[in-house]
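Taken from Swiss-Prot as is:
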type	residues	note
REGION	19-56	region 'Nonhelical region (NC2)'
COMPBIAS	106-116	compositional bias 'Low complexity'
COMPBIAS	277-293	compositional bias 'Low complexity'
COMPBIAS	303-312	compositional bias 'Low complexity'
COMPBIAS	393-403	compositional bias 'Low complexity'
COMPBIAS	441-453	compositional bias 'Low complexity'
MOD_RES	Pro460	4-hydroxyproline
MOD_RES	Pro463	4-hydroxyproline
DOMAIN	541-674	domain 'C1q'
BINDING	Asp620, Glu621, Leu627, Asp628	Ca(2+) 1 binding site
Amino acid sequence: MLPQTALLLLMSLNLVHGVFYTERYQTPTGIKGPPSNTKTQFFIPYAIKGKGVSLRGEQGIPGPPGPAGPRGHPGPSGPPGKPGTGSPGPQGQPGLPGPPGPSATGKPGLPGLPGKQGERGLNGPKGDIGPAGLPGPRGPPGPPGIPGPAGISVPGKPGPQGPTGEPGPRGFPGEKGTSGVPGLNGQKGEMGHCTPCRPGERGLPGPQGPTGPPGPPGVGKRGENGLPGQPGLKGDQGVPGERGAAGPSGPQGPPGEQGPEGIGKPGAPGIPGQPGIPGMKGQPGAPGTAGLPGAPGFGKPGLPGLKGQRGPVGLPGSPGAKGEQGPAGHPGEAGLPGPSGNMGPQGPKGIPGNPGLPGPKGEMGPVGPAGNPGAKGERGSSGLDGKPGYPGEPGLNGPKGNPGLPGPKGDPGIAGSPGLPGPVGPAGAKGVPGHNGEAGPRGVPGIPGTRGPIGPPGIPGFPGSKGDVGTPGPPGPAGIAVKGLNGPTGPPGPPGPRGNAGEPGLPGPPGPPGPPGQVALPEDFVKAGQRPFVSANQGVTGMPVSAFTVILSKAYPAIGTPIPFDKILYNKQQHYDPRTGIFTCKIPGIYYFSYHIHVKGTHAWVGLYKNGTPVMYTYDEYIKGYLDQASGSAVIDLTENDQVWLQLPNAGSNGLYSPEYVHSSFSGFLVAPM
């Protein structure tokens with residue numbers, strides 16, 4: 001019923017106006033997206049024309065809007081409209097909650113984002129003390145710290161006495177002492193009475209008999225030639241000898257070949273002759289021909305002319321060829337400060353500068369709790385062998401050893417007739433020394449036999465029991481000096497009296513460099529009555545000193561080895577070796593090292609090494625036609641026998657340049673001992 005009523009209303013409007021207003025219902029515009037699927041939209045796809053005569057009259061006044069008709073049935077859905085471009089509408093109110101759906105076990109969802117950090121809760125009650133934790137693993141070494149400020153030098157308390165040093169090398173043997181005066185013979189005792197008498201104990205050895213007269217000279221065979229001796233030292237140049245007398249002239253030699261034709265020299269001018277008699281005046285001669293033009297004359301310089309007017313400015317000349325780079329000039333005097341220029345634009349961010357000087361020392365913080373003992377660190381690698389030390393001073397002479405125990409005296413043997421010398425037999429066991437027999441008559445000297453081969457050494461005998469101390473005997477003949485085994489070092493004896501000065505020996509080889517001398521101080525530097533001792537290894541404040549500055553005298557050193565800076569400006573402590581280019585630490589502490597190099601020809605890459613490990617690198621990219629500079633510095637802690645040097649690690653970047661007047665240098669000094 002409702003659709004029919006709407007259709008009749010539309011037909012009546014068409015009859016009045018003659019034209020049917022075609023209305024198309026479109027989807028709402030302004031919202032992007034797919035066409036709406038609502039079922040309330042419809043459209044009429046064709047126009048309905050009225051029947052009869054259409055009279056077009058004037059348009060009347062639009063009437064008031066009629067009452068809204070009842071809601072019609074939803075028409076069929078029209079075709080989708082063009083997508084709109086409107087702005088999204090306001091968000092609708094949330095709909096009523098739908099009925100609960102059937103429950104089903106869903107898949108676990110993705111983990112949600114972490115929530116916001118909650119507020120800090122109240123502190124809980126203090127828990128019981130837990131068990132002590134195990135020491136954690138040893139952490140990696142931290143970066144080297146910034147050097148602290150120079151401390152105030154205060155003389156410290158004397159440290160405890162160090163351990164006793166190792167015993168020094170055995171000293172030279174002392175001079176042989178003089179033999180003691182033999183004692184007086186005691187009084188002869190009374191004759192003893194005994195029945196049957198036991199043989200008495202062995203008496204003391206008697207004094208050595210007087211030396212017999214020398215025998216006739218023996219006839220021995222000529223010995224073998226000895227080994228050639230060592231070449232003697234070169235003697236001093238002798239005094240030039242006197243000039244010898246002239247020798248007699250030799251016989252006349254054969255005539256020589258004819259020499260080339262000589263060119264005679266003009267002789268000396270002759271003595272002028274006496275003036276002749278003046279002659280008669282002759283007839284005037286015919287005029288001669290014109291002579292040759294004379295030599296150009298040299299007139300005296302005339303007076304300087306007036307100053308001429310300034311000429312026009314000449315054209316600029318063509319640029320000359322590029323000259324060779326001259327040597328670096330001496331730094332000129334500082335010029336007058338120029339006027340301040342206008343504020344320029346902000347430049348690009350510069351390279352970060354070197355770390356600044358350390359700030360003032362902060363106040364001492366509270367002492368923290370004692371930490372747990374850390375795990376024992378791994379043993380470090382053994383350092384490089386140090387240079388051999390200088391020879392120590394000779395030790396004091398040890399005390400003279402006790403005299404050896406005299407062996408038991410052997411029984412006297414029966415003197416036999418002298419036999420022919422036989423071959424040398426094997427050495428027998430050592431016999432008991434016999435009593436000194438009475439001097440027999442001198443026998444006929446025998447013929448000296450040939451020298452036999454050296455026999456094998458005998459079996460050493462058992463040590464005898466200690467006998468009584470014998471009376472000092474007369475000095476024996478001088479023995480053969482053989483160096484014995486070094487005995488244990490005895491305690492130092494008291495210094496002996498000064499001996500007589502010996503004869504001057506041969507000049508020895510040059511010794512190692514001696515310790516540096518003392519530093520002289522000006523008179524006004526020292527207070528009255530005070531003379532502080534300052535050595536090369538100790539500064540004015542009493543702290544130890546270790547410093548050096550060296551220069552490289554040759555450009556382009558070798559690759560992969562320490563750079564030998566061989567020209568020394570300061571190296572009194574001898575801690576830097578100019579032959580190897582290595583600085584060896586003798587005083588453990590904190591050191592400061594710096595280097596300044598010039599670069600020419602190619603790039604330069606320099607490394608500062610400590611015990612074979614690079615500490616830092618410096619690189620300079622060379623620009624052709626320029627002389628570049630590069631520098632670097634570092635603070636390093638060193639222990640004894642640590643070594644530091646500079647090295648070129650790459651063969652492609654070896655442009656280290658150091659000629660005669662453009663120096664590359666390397667310096668280092670001790671900041672604070674540890």
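Cβ from N, Cα, C; glycine included.
In the domain 'C1q' (541-674), the DSSP tally of helix, strand and coil residues is 0 helix, 77 strand, 57 coil. A Cβ within 8 Å of the Cβ centre of Asp620, Glu621, Leu627, Asp628, the residues given for Ca(2+) 1, is found for these other residues of the same chain: Val599, Lys600, His603, Ala604, Tyr622, Ile623, Tyr626, Gln629, Ala630, Gly655.
Long-range C-beta contacts of Glu621 (Ca(2+) 1 binding site), restricted to its own chain and to partners at least six residues apart, with a cutoff below 8 Å, comprise His603. Sequence-distant neighbours of Asp628 (Ca(2+) 1 binding site) (same chain, six or more apart, CB under 8 Å from its CB) are His598, Val599, Lys600, Ala604, Asp620, Tyr622, listed in sequence order. Confidence for the domain 'C1q' (541-674), expressed as mean pLDDT, is 93. Other Cβ atoms within 10 Å of the Cβ of Asp620 (Ca(2+) 1 binding site), summed over all protein chains shown, number 19. With a 10 A radius on its CB, Leu627 (Ca(2+) 1 binding site) counts 14 other CB atoms from all the protein chains.
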